[in-house]
Amino acid sequence: NSSEASPSFLLAGLPGLEGLQCWLSIPLCSAYVLAVAGNGAVLLAVRLEPGLHAPMYLFLCMLAAVDLALATATVPRTLSFYWFDSREIGLGACLLQMFLIHALSAVESAVLLAMAVDRYVAICHPLRHAAVLTNGTTAKVGLLALARGVIFFLPLPLLLLPLPFCGPRALSHSFCLHQDVMNLACANTTPSVVYGLTAILLVMGLDALLICLSYVLILRAVLRLAAWRERLKVFSTCIAHICVVLAFYVPLIGLSVVHRFGKDLAPLVHVIMGNVYILVPAVLNPIIYGVRTKQIQRRIL
């Protein structure tokens, strides 16, 4: 009914596997528990280890906090659907979840860019690193990243809120994403389309370009070193960050491709790609930095 004041939406389950949803939710729940435990351990390790109170590890704490918030904003609601058949989600809750997903993703992208700049300054201008990247500057960067995510993505739910939603209201993911919800509106969504695309390009797109630029400059500086062993030693300090960047941007690009070109794909692919986008960075990031950072390993043990 298009005249309904507060419409609701239906979350996507596992199409074709409805009878096994309760059992198939166990890997999802396990991944969420692993993400909470891993990121919580990183936060605690950095908090308790004075030697880790440096910009690189403070950025890592920000990354862990964002991953925790992003996973918690989506996975518990998905599990309640799988376990208790609570498929329906109200418009307000859906728009709030959509805003949190996009805003927190923008914050994570900004933190990854800040970590790339930290690596660039540490390798290309090592004598200026302590002066440029202080703990105070790191805190300001974190606040700026949070403010940018809120400012750029708060208009998304505000643009969708007054639109009427009629006809089928079944989402293609087990949580609310902007493009998914927007496609269910039975009104002109051109402003929402234009603003959403602009925000994505100005935030994630620009961050990705600047991260690539920072690594071009780092690679150029590393290749100027005479010995191959010295080159590998210097560049190895970037391996963990490169893996974390790939863990974030590859699922993001994959989800965007599925949305844009995957109309003929099985609905199950959309659901799986959405969960991969939310959980893969949250699970892998603490593992990557836990393996690469001996101080974190010792404190966790």
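Quick reminder: no glycine exception, Cβ is built from N, Cα and C everywhere.
Since the structure is predicted, the reported quantities are computational estimates derived from the model, not experimental observations.
Residues belonging to the domain 'G-protein coupled receptors family 1 profile' (38-289) score a mean pLDDT of 90 in the model. Residues or ranges marked as domain 'G-protein coupled receptors family 1 profile' in TrEMBL: 38-289.
Long-range contacts of the transmembrane segment (23-45) within its own chain (CB-CB distance under 8 A, at least 6 residues past either end) are made by residues 14, 17, 52, 60-61, 64-65, 67-68, 71-72, 75-76, 78-79, 82-83, 275, 279, 282-283, 285-287, 289-290, 295-296, 299-300. Residues or ranges marked as transmembrane segment by TrEMBL: 23-45 (among others).
Outside the transmembrane segment (57-75) by six or more residues, the chain places 28-29, 32, 35-36, 39-40, 42-43, 46-47, 97, 100-101, 104-105, 107-108, 111-112, 114-115, 118, 135, 138-139, 141-142, 145, 174-175, 244, 278-279, 281-282, 285-286, 289, 293, 296 with a CB less than 8 A from a CB of the stretch. Summarising the annotation, TrEMBL assigns transmembrane segment to 57-75 (among others).
Here TrEMBL flags 95-117 (among others) as transmembrane segment.
As annotated by TrEMBL, transmembrane segment applies to 138-161 (among others). Same-chain residues lying 6 or more positions outside the transmembrane segment (138-161) and placing a CB less than 8 Å from one of its CB atoms are 55, 58-59, 62, 91, 95-96, 98-99, 102-107, 110-111, 114, 178, 181-182, 185, 191-192, 195-196, 199, 202-203.
For 193-222 (among others), the entry in TrEMBL reads transmembrane segment.
The annotation transmembrane segment is assigned in TrEMBL to 234-256 (among others).
For the transmembrane segment (268-291), the residues of the chain that approach it from at least six positions outside its boundaries are 12-17, 28, 31-32, 34-35, 38-39, 41-42, 60, 63-64, 67-68, 70-71, 74-75, 78, 101, 108, 172-175, 177, 240, 243-244, 247-248, 251-252, 254-255, 258-259, 262, 297, 300, judged by C-beta separation under 8 angstroms. The transmembrane segment feature in TrEMBL is assigned to 268-291 (among others).
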